[in-house]
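All remarks here apply to the structure that follows.
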C-alpha cells in the first residue's frame with residue numbers, strides 16, 4: 001500500500017516534470033517566432049522601447065496597411081513576391097519530386113556498377129555552399145539569359161532538392177517488395193502501370209515527406225535567390241524582406257509583417273501533411 | 001541581306017517621322033534601369049511617367065534592390081558582361097569601384113546644368129576627370145543629434161561644471177562630446193553616445209575623425225597614412241569611450257539601423273547621425289525622443305576641423321548603353337530642380353544650390369526642420385568624400401577588424417594601426433597602385 | 001534497327017544527373033578554373049590571367065584563413081552535436097505525450113518555416129545589447145543590471161550564433177528522430193519491462209540503437225545544409241567584431257563580393273567545399289554502418 005502510494009506519487013512527479021520540460025522547450029521554440037508575429041502588430045516606438053514595454057499598449061495593422069500601400073508610403077509588392085514564391089516553390093518541388101522518383105526508383109530497383117559512388121556523388125552536390133556557387137551560377141545564367149526569370153529559379157531549386165528527394169524516395173521504394181510489382185506485371189500490367197498502381201501508392205507518404213522538405217527549402221532560400229533575381233518579375237519573399245532595409249534604415253515592424261505572410265502558408269502546409277511526413281520518414285530514410 | 005537592312009531602317013525612319021510631331025525626341029526607345037529600392041528613394045520614381053510622356057521613351061526598371069545588394073549586382077554584371085542596361089543608381093562611396101561600367105556625362109549633360117549643382121558634390125562625382133554621375137537629392141553628411149532636456153536640467157549643469165570645470169552646453173568639439181558622453185552615461189539605461197562599429201561604416205567614422213585631428217587616411221599615392229600620431233589620437237577617441245562604458249557594449253556590431261533605433265529608443269544622449277533620420281527621430285509613432293531632439297553641426301577635432309565624411313546617391317549612364325542621349329536625359333530629369341524639390345520635401349538633403357535655398361525657405365515655419373537644415377548646411381560646408389580609389393571598400397575591409405580589435409582591447413591602438421597599415425600597404429602593392 | 005539503347009537505370013537517373021551537372025558541376029568547374037587566376041569581378045578580363053597556385057598558397061599561409069577554418073569546424077561540430085542531443089530530447093518529450101500530438105509536432109517544426117535570412121535579423125534584434133529582448137528580459141527580471149554584449153563578447157558572440165543556428169535546425173533532428181521512435185517495434189520494449197530494466201537501460205540498449213540510423217540521417221541532411229547558416233551569421237555579426245566570429249563563408253562572401261576578388265574567394269571556397277564533403281561522407285559512412293548493425297542491409 002505504502003510503496004504503491006509512493007510509486008504513484010513518483011509517477012505523478014515524473015509526469016509533471018515531463019510536462020514542465022515540454023512546456024519550457026516549446027516556449028524556447030515558439031517565443032522568438034511569436035515575438036516576430038507580435039512585432040508586426042506593434043508601432044515601432046514600442047518594439048524598440050527602453051525600458052521595454054512588455055504588455056502592448058497598442059496593437060494595430062499599420063505595418064500591414066503600409067505594406068500594401070503605395071510606393072513611397074511603405075508599400076512593397078507583396079502579392080507579386082508571394083506569387084513568385086508560390087510558383088517557383090511549387091513548380092520546383094513538383095519537378096524535384098518527379099526527377100527524384102525516377103532517380104530513386106533506379107537506385108532501388110536496378111543493380112549497376114558504381115552505384116554507391118554515384119549515390120554519394122549526387123548527395124555531395126547538395127553540400128556545395130550557396131556562397132561558393134552563386135557567382136559562377138550567375139555568370140552561366142547571364143550568358144544564357146535566364147537571370148531574373150521563374151525558369152532560372154525553378155531550375156536552381158530543382159537541382160538543390162533533387163539529391164534529397166532521390167535519397168528519401170529511394171529508401172521508400174526499397175521497402176516495397178519487388179514481388180508485388182512483379183506480380184502485377186504477370187497479371188498483365190506493363191511495368192509503367194505496375195509502378196503507378198502498386199508501387200506509387202505505397203510510397204506516397206515518403207514522397208509527401210520529401211515534398212515538404214523540398215518546398216520549405218525553396219520557400220525559404222535566400223543566398224542564391226538574392227543573386228539570381230533582380231526585379232518584381234522573379235523576386236521571392238525572402239529577397240523581398242530586404243526591401244525593408246535601405247542604406248541607413250531598417251523597418252523592423254514592416255519586415256515582421258512580411259515575415260508573417262511568409263510563415264503562414266508554410267505552417268498551414270506543414271500542419272496538413274505532417275502525418276504523412278512522420279510516416280514517410282519512418283520507412284523512407286532508414287530501411288535503405 | 002543588305003536590302004533587308006535598308007528596308008528595315010527605312011521603316012523605322014518612317015515610323016519615327018510619322019510620330020515625331022506628337023511625341024518627343026526619344027520615341028520608341030526603351031531604357032532599362034537599375035534603381036535603388038527602399039522607401040526613402042522610391043517616391044522619386046513616381047515622376048518617371050512624366051518624363052516618358054514628354055520624350056516618348058519607356059523606362060523599364062529591371063532591378064530594384066537595396067544599396068549593398070545593388071553593389072553586388074553591378075559587380076556580377078561587370079563580371080558577366082551583362083552591362084547593356086542604361087541607367088543605374090550610384091553612390092559616391094562605391095562609384096570608384098566600377099571604373100569601366102559608367103560613361104562620362106560631361107558631353108551628354110549641358111555644362112550650365114552641371115554648374116547648378118553644389119560644387120563639392122560634382123567634384124566628388126568626378127573620377128579621373130570623368131563625371132560618372134549626377135547627384136540626386138540624397139546628400140549625406142552627419143550632424144549631431146542630442147536630447148534637448150539633458151542640457152536644460154539645472155542639476156546636470158551644476159554637476160557637470162563641478163566635474164569638468166566648464167559649462168554644460170551642446171558640444172562643439174569631440175573632446176566635449178567625450179566628456180559629456182561619460183557624464184551622461186548610466187548603463188544600461190542610458191549611454192552617452194554610440195558609433196557604427198563595423199564594415200565601411202566604422203572606417204568612415206574613423207576617417208573623418210583622423211581628418212578632424214589634422215591627419216590623413218591616405219597619402220596622395222594612396223599609401224596608408226593613418227599610422228600616425230593623429231591616427232592614434234583619432235582611434236583613442238573610440239577606444240576611450242568604449243573603455244569608459246559611455247557607449248553601448250554592443251556598439252562594435254552596430255550598423256546604421258541599430259544606431260538610429262538606439263537613439264529613437266531614448267537611451268542615447270548624443271548621436272552623430274545622418275539626415276535621413278531627422279524625420280524619424282521626431283515622429284511620435286516611431287521615436288521616444290520625439291519633441292526632444294536637438295541638432296547641431298558636427299563637432300570639431302583638435303585640429304579645428306569638423307568631421308564631415310559625406311556621400312550622396314546619384315544616377316549614372318552605362319558605357320554600353322545604346323541610347324546614351326536618352327539615358328542622360330532621364331538622369332537629368334531625375335536630378336532636376338523639380339525632382340530635387342520633391343525628394344527633399346520628405347527630408348533628404350538636396351545637391352543643387354537653388355534647392356538648398358528653396359528648402360530652407362520652405363522650412364521657415366517649422367522650427368525643428370529649420371534647425372535640422374541649418375546644422376546640416378553648416379556641416380556640409382566643410383564636408384569631404386571618401387578617397388577616390390577603386391580599392392576604398394577593400395581597404396575598409398582590412399582596416400575595420402583592426403579598429404574593432406583596438407576598441408575591444410585585443411590590441412593597443414598602435415598595434416592595431418600598424419597591422420591595418422601593413423595590410424592596406426600590401427593590398428595596394430598587390431593591386432599595382434604603386 | 002541498330003540503335004544504342006541506354007540501360008533503364010541510366011535513363012531514369014538521367015534527369016537528375018543532367019540537372020545537377022548543369023546547375024552545380026558546370027559552375028563549379030568555372031569557379032575551379034577562376035581560382036587559378038587573379039580574377040577580379042570589376043576587371044572581367046583578369047579571368048585570363050593565370051597565376052597558378054598563388055591563390056591557394058596565399059589562403060593556406062594566411063593565419064586569418066586558418067582561424068576562420070578552425071572556427072567553422074568548431075561551429076559545425078558543436079552545433080550539429082547540440083542539435084542532435086536537443087532534437088533527441090525533444091523527440092522523446094513529444095513522443096510521450098498522449099494528447100495533442102499533431103499540434104505539438106507542428107509547433108516543433110515551427111522554426112523550419114523561418115527563412116535563414118529572417119532568423120538572422122530576428123536574433124540580431126533579440127540579442128541586441130541595448131534594446132534587445134534578452135537583455136530587456138534579464139534586466140526586467142532583475143537578473144542582471146548590465147547590458148550584456150551578446151554579439152560582441154568573444155565567447156558570447158559564438159554562443160549567440162550557435163543558439164540561432166541550433167534554434168532553426170533542432171527541428172530537423174527532432175522530426176527525424178521522432179519518426180524513428182514511432183518505428184520502434186513494441187516487443188523488445190515490453191520484454192525489457194518484464195525483465196525489470198530501468199528506463200535508462202531500456203533507452204540505452206533498445207531505443208538508442210534503434211534510432212541511431214535516424215540520427216545519422218539527420219546528421220547527413222544537416223551537414224549537407226549547414227552552409228545555409230551563412231545567411232544567419234552574415235546578418236547577425238558578419239564575422240565580427242575583430243574577426244571573433246569569422247567563418248569560412250563570411251570570409252569568402254566578403255572577399256568575393258565586397259572586395260571583388262573572386263579568384264581568391266573561389267580558392268578558399270574550394271576548401272570549404274571539401275570540408276562539407278568530408279562531413280557528408282563521414283555521416284554517410286556512419287549511416288551505412290548503423291544500418292548494417294541493425295540488419296537493414298546496405
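Note: Cβ is positioned from N, Cα and C throughout, glycine not excepted.
All TrEMBL annotations are machine predictions without curation.
When TrEMBL is compared with the stretches A:16-38, A:39-61, the one noted as transmembrane segment is A:16-38.
Tertiary proximity for the transmembrane segment (A:86-107) is limited to same-chain residues at least six positions away from its ends with a CB under 8 Å from its CB atoms, namely 115, 119, 122, 150, 153-158, 161-162, 164-173, 195, 199, 207, 210-211, 214-215, 218-219, 234, 236, 265. Counting only same-chain residues 6+ beyond the ends of the transmembrane segment (A:16-38), those with a CB under 8 A from a CB of the stretch are 56, 256, 259-260, 263. Sequence-distant contacts of the transmembrane segment (A:252-273) (same chain, at least 6 residues past either end, Cβ-Cβ under 8 Å): 33, 36-37, 39-40, 42-44, 47-48, 62-64, 66-67, 74, 76, 78, 82, 85-86, 208-209, 211-212, 215-216, 219-220, 237-238, 240-241, 244-245.
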